[in-house]
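Let me begin by presenting the structure, written as structure tokens, before commenting on it.
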């Protein structure tokens, strides 16, 4: 008995040591995984720093290009302004010089003509009156010339006064008209520039938004493909590890007894729960890292767009200020020229001044139009250059980011593969330890059986000795000998009774220990089961929320889905409802959608009459029995399930369908679908229909009234393996080869 107790204690100690070793191995694996996550975060930060450096260099290059463009624009504007000023000054000076020359020539011609006329008249008068007296005539002529000169001086003074007054009025009117015309032109130009600047800014914003959305979509697609490949590899490796574990566990099951099987099952479930927790933690950390990377990239791109917008706005403001200053200087020079022209003008120059003013206005308008056209051309050239530069920069950034993310994903895959290999090795070690532990327990049980056999043999020997003693006593019939043999038999019986009591106490202790261990294992199993259910509920809720974001459910359905309300777990599950019925196409061996509830869950995800059902929850279905079996085992109300179909255009797609119920016992619940309030549509031709009897009472519409609208679909060749599922109504009507048969409807618990 002592040897048996020691062996049992050693076996228990070995089990405890193995469990502690397994826990230590798991802790080491978790620590290694944390270190790898830290290394991955450091690598991500390093990649982010490199991206920031690249972006800074690109910003510097872009600013240098913008400075060069601004310098070129300034040179073009200065050259154009100088050319315009030179042309205007030359034209004005030439016009003024020509006008003065013409006026001088006219005055000289008039003076010569008057002088000649006067000389001829005086010569004739002198010739006529010469005989009358030269002195009297000369005196009279002198007096007359003096009076005429005075009168002419007075007339010239009056004319000069009148000319000065009229000249001032004309100058003021011309200056006022020129200022008004100039202000009107300046206001029109400023308004036009503001409109053009607003249009350019809107185009820039739209272009930047398009570029950002395109780059984000490309990165999202690249990252999604990479994550799909990683998930496929992880699934393949997990399946291989699961197969290896199942093979090892089958070997262990052959070696161990029923109690050992219970212990191993508990340890296996605990180990699987730990592995699932580690995998969930890996997925959560990977999602967090992806979200951080996406947020960092979006922040970086938004900051870059704001910097580009600020730089371009500053450049446009500087160009506008320079253009306004140039226009003001041109206006001032033109006003000075007009003032000079007004000072030089006299009464006889009114018509010339009007012509000059008109010519100057036309020249000014022509120059302004040329400047505006040149400014528009320069602005268009600058915008084209900026757009080309932005496109080149964005394409280069997208290529670099794609390379960086591809390298990072390769490193992550290598690290995850190394982790999975390490975990697989640890699992193999744990399985080997469990197998060794089972062997030890089997040896202990064998020793226990050997001890029991030895005890039975000892008891048989003692009984044989008692028999021989009795025979000897009866033969000799001696009182002393009989007393001695009786005492010896009594002692042997007492020792045997004590041995049986000790053995019974040892067995009771072992039974208590085993019962305690079984109770602990059952408690651990219950805790693990609750954790597993909680994880499954969390994953199912994530699938429901993802479906509300991805698929074209209405706002009312999205609000119901986000409530995350499901049937009570302690009650039988309600019959599911998926919103469409199926027909069995006998020739092709496929299931076809032949009935829909308008605005039901299936209709909102894009399923239409004529689509062929391929898989439910990843399980291929070809007959109604297959579909019912899959639905019975996998579908739950209030959850989503992936359903894969193919359209009449041979385009395969997968939808996440929210499962409801049409059972009126659950009226008022978010997952209840009232078939009496919705319209039902059916195909014109039926072969074999899967339909519930209560669903045939609603009005029906032809398929021509339900056009296939654009829908959100996830194109794939294999659906995801979400724990949520969908069910269909369970009643069945069959029409095959002209024969009509009705089958019985199963109970609601088996729908």
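Keep in mind that glycine also has a Cβ here, set from the backbone N, Cα and C atoms.
Among the features that TrEMBL reports, coiled coil is placed at 1-124 (among others). Mean pLDDT for the coiled coil (1-124) in this predicted model: 76.
Summarising the annotation, TrEMBL assigns coiled coil to 160-306 (among others).
Residues or ranges marked as compositional bias 'Basic and acidic residues' by TrEMBL: 415-430 (among others).
Look at TrEMBL and you will find 437-462 (among others) tagged as compositional bias 'Basic and acidic residues'.
According to TrEMBL, the feature compositional bias 'Basic and acidic residues' maps to 499-526 (among others).
Annotated domain 'PDZ' per TrEMBL: 557-631, in sequence order.
Sequence annotations record features per position, and here TrEMBL assigns region 'Disordered' to 369-390 (among others).
Positions annotated as region 'Disordered' by TrEMBL: 415-526 (among others).
If you look up TrEMBL, you'll see 692-751 (among others) marked as region 'Disordered'.
With DSSP states grouped into helix (H, G, I), strand (E, B) and coil, the compositional bias 'Basic and acidic residues' (499-526) comes out at 28 helix, 0 strand, 0 coil.
Counting residues per DSSP class in helix, strand and coil order gives 19 helix, 22 strand, 34 coil for the domain 'PDZ' (557-631).
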